[in-house]
Amino acid sequence: MTRETGANSPTSSDPTSRDPESGNAASGPAPVTATTVDIAPGVTLLPQRLPAEAQQALLADIRRIADEAPLYTPTMPRTGKEWTVRMTNCGPLGWVSDRDGYRYETTHPVTGRPWPQIPETLLALWDEVTAYPAPPECCLVNYYADKARMGLHRDEDEEARDAPVLSVSLGDTATFRLGGLERCDRTKSFRLHSGDVLLLGGDNRLAYHGIDRILPGTSTLLRDGGRLNLTLRRVNPAG
């Protein structure tokens, strides 16, 4: 898996904190709909799948996870260059990146402790949206500050290639870029808002994708702004 990132300048405050004076997850009304948008074969967007109250409850779960498994700054293989995102994981397995490469580990690379459990709400969402016969084994939590980005990459470190990848957006809006199965393929971009769910599977399970930019001030869910992306993955084949 190839990731393209720049230098990171994390703040000392907890980016998962919610603004205590705001009860809204977004800066404007965000009606909940049952709409699904087919972006490409196997790529489905569920706009506002999580209403404001569900976003706030899920954020509370992520804060508890971050208390036990703190956000940390990963580094690129070989070069040791720091990413612009900070990350943590929950579930039996956690995805990590360092000089030794990309891989799944059972423990946090800084604390050495096992990852916390995946919240029940995310497990239920996985069952409802994917209908896959086995639960996810990893929930990767990425925090994007205002200047963070994620270069084109594909999720290819999993053996269970028949399982889709499910992504949940919380916080500021992001510009998402979707390519094809080859890095040179044409790309398209669209926005992911707080509460949106994106499913990547089928013919495009291994499609290249990335985050071009974060749009500051588009959500009040996170006290200090930024975006949380929760990526659910099945690593090992079912059964």
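Each Cβ is built from the backbone N, Cα and C atoms, and glycine gets one as well.
TrEMBL does not curate its annotations; it predicts them automatically.
Among the candidates TRP95, TRP115, the one that TrEMBL lists alongside TYR102, ARG103, TYR104, ASP157, ARG183 as binding substrate is TRP95.
With respect to their backbone Cα atoms, ASP155 (Fe cation binding site) and ARG103 (substrate binding site) stand 11 Å from each other. As a summary of secondary structure, the domain 'Fe2OG dioxygenase' (135-236) carries 3 helix, 47 strand, 52 coil according to DSSP.
Using CA atoms as reference points, the binding-site residues ASN142, TYR144, HIS153, LEU228, LEU232 were checked against TYR104 (substrate binding site), and the closest is LEU232.
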